[in-house]
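Visitor: Have a look at the structure that comes next, please.
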Amino acid sequence: MPSTPTVGVLALQGDVREHTAALEAAGVQTCPVRRPEELDAVHGLVIPGGESTTMSNLAIAFGLLEPLRARIRGGMPAYGSCAGMIMLADKILDGRDDQETVGGIDMTVRRNAFGRQNESFEAAVEIAGIDGGPCEGVFIRAPWVESVGAGVEVLATLPDETIVAVRQGNLLATSFHPELTGDHRVHAFFAGLVRQSG
Ligand code: GLN
């Protein structure tokens, strides 16, 4: 592991630019990942927010789904926000019938869980392990975590106990989008996981 690791951003679809800027502000090098060879070259990966059904289609079309699964099984750190959280879930609810996920986190995630009344909202979210007060949680047609397995650490919940951030080993997922807020603490936390994994 070089002193400045390279974190890839899965660049099939979604808010790639915002994650790239947040990672660079957190002091790592970045690289867009669209092809299996590009995945081989990174020390960690961010899966952005966007639309998980489209990301699933494109991951299959670009021959990336199995390489992504293999790297995650091999211990590569990964962070998924919103649609990225869906992609890291072992099981999903309310997905499209043919929708695939990369998996890796032993959790069940419900897509578009907050419903029409609450399609987009903001909430202060206190995240375990991140100092300096709550983060601004931006939720956009967000998923929530319906249940987690024994190896999954719940990092954040809303006041009604809805789980919105989790970690399992080197894998991190949030229902919300810290990349849209200018607060880089979640990306800095993930960059720390990447540095420690080397
Ligand atoms: N609802 C989207 C999905 O199912 C996620 C929305 C987002 O990433 N902002 O993938």
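Cβ atoms are placed via backbone N, Cα and C, with glycine included.
All TrEMBL annotations are machine predictions without curation.
For C82, the entry in TrEMBL reads active site, nucleophile. According to TrEMBL, the active site, charge relay system annotation covers H177, E179. The L-glutamine binding site annotation in TrEMBL covers G50, E51, S52, R111, I140, R141.
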Visitor: What is the set of residues, excluding G50, E51, S52, R111, I140, R141, whose C-beta falls within 8 angstroms of the centroid of the C-beta atoms at the L-glutamine site?
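Guide: Residues close to the L-glutamine site, other than G50, E51, S52, R111, I140, R141: G49, T53, C82, A83, I86, N112, A142, P143.
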Visitor: For S52 (L-glutamine binding site), just count the other CB atoms lying within 10 A of its CB, please.
Guide: 30
Visitor: Among the recorded positions S52, R111, E179, name every one whose Cβ is found under 6 angstroms from ligand 1, counting any of its atoms.
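Guide: What lies within reach of ligand 1, judged by Cβ under 6 Å, is S52, R111.
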Visitor: By Cβ count within 10 Å, point out the most packed of the recorded positions listed: E51, E179.
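Guide: Buried the deepest by this measure is E179.
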Visitor: Helix, strand or coil at I140 (L-glutamine binding site), per DSSP?
Guide: strand
Visitor: Measure from the CA atom of C82 (active site, nucleophile) to the CA atom of G50 (L-glutamine binding site) and give the result in Å, rounded to a whole number.
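Guide: That comes out at 7 Å between the alpha carbons.
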Visitor: Report the same-chain neighbours of I140 (L-glutamine binding site): residues 6+ apart in sequence with Cβ closer than 8 Å to its Cβ, ordered by sequence.
Guide: G49, C82, E119, S120, H177
Visitor: Which one of these recorded positions has the most other Cβ atoms within 10 Å of its own Cβ: R111, R141, H177?
Guide: H177
Visitor: How big is the gap, in Å, between the Cα of R141 (L-glutamine binding site) and that of E179 (active site, charge relay system), rounded to a whole number?
Guide: 16
Visitor: Whole-number Å distance between the CA of S52 (L-glutamine binding site) and the CA of E179 (active site, charge relay system)?
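Guide: Distance between the two Cα atoms comes out at 17 Å.
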Visitor: Whole-number Å distance between the CA of E51 (L-glutamine binding site) and the CA of E179 (active site, charge relay system)?
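Guide: Here the two Cα atoms lie 16 Å apart.
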Visitor: At the Cα level, what's the spacing in Å between R111 (L-glutamine binding site) and E179 (active site, charge relay system), rounded?
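Guide: R111 (L-glutamine binding site) to E179 (active site, charge relay system), Cα-Cα distance: 20 Å.
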